[in-house]
């Protein structure tokens, strides 16, 4: 159980670090699937929909 908790905390911290480096682009969205192509076209690796706008994670 302690190992599971440690892995869970590690994943949470890593996801927060990735989210901090997000770059917002001016593309409206309703779900994250709509952000994949605009983010790749902008030279980014991943994209997710946050508050109705695409938030992209840079390559690196």
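Just so you know, glycine gets a Cβ as well, placed from its N, Cα and C.
As given in Swiss-Prot:
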{"type": "DISULFID", "residues": "29-49", "note": "disulfide bond"}
{"type": "DISULFID", "residues": "35-54", "note": "disulfide bond"}
{"type": "DISULFID", "residues": "39-56", "note": "disulfide bond"}
{"type": "MOD_RES", "residues": "59", "note": "lysine amide"}
{"type": "SIGNAL", "residues": "1-22", "note": "signal peptide"}
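Annotated features, which come from Swiss-Prot, shown on the structure.
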residue: 29; record: disulfide bond; Cβ within 10 Å: 19
residue: 35; record: disulfide bond; Cβ within 10 Å: 24
residue: 39; record: disulfide bond; Cβ within 10 Å: 24
residue: 49; record: disulfide bond; Cβ within 10 Å: 17
residue: 54; record: disulfide bond; Cβ within 10 Å: 25
residue: 56; record: disulfide bond; Cβ within 10 Å: 24
residue: 59; record: lysine amide; Cβ within 10 Å: 9
Using C-alpha atoms only, work out the spacing between residue 35 (disulfide bond) and residue 49 (disulfide bond) and round it to an integer in Å. 7
What disulfide-bonded residues in the list 29, 49, 54 lie within 10 angstroms of residue 39 (disulfide bond), counting C-alpha atoms? 54
Integer Å distance between the CA atoms belonging to residue 29 (disulfide bond) and residue 54 (disulfide bond): 6
Roughly how many angstrom lie between the C-alpha atoms of residue 59 (lysine amide) and residue 49 (disulfide bond)? 18
Looking only at DSSP and grouping its letters into three states, which state does residue 29 (disulfide bond) belong to? coil
Which of the three DSSP states, helix, strand or coil, fits residue 49 (disulfide bond)? strand
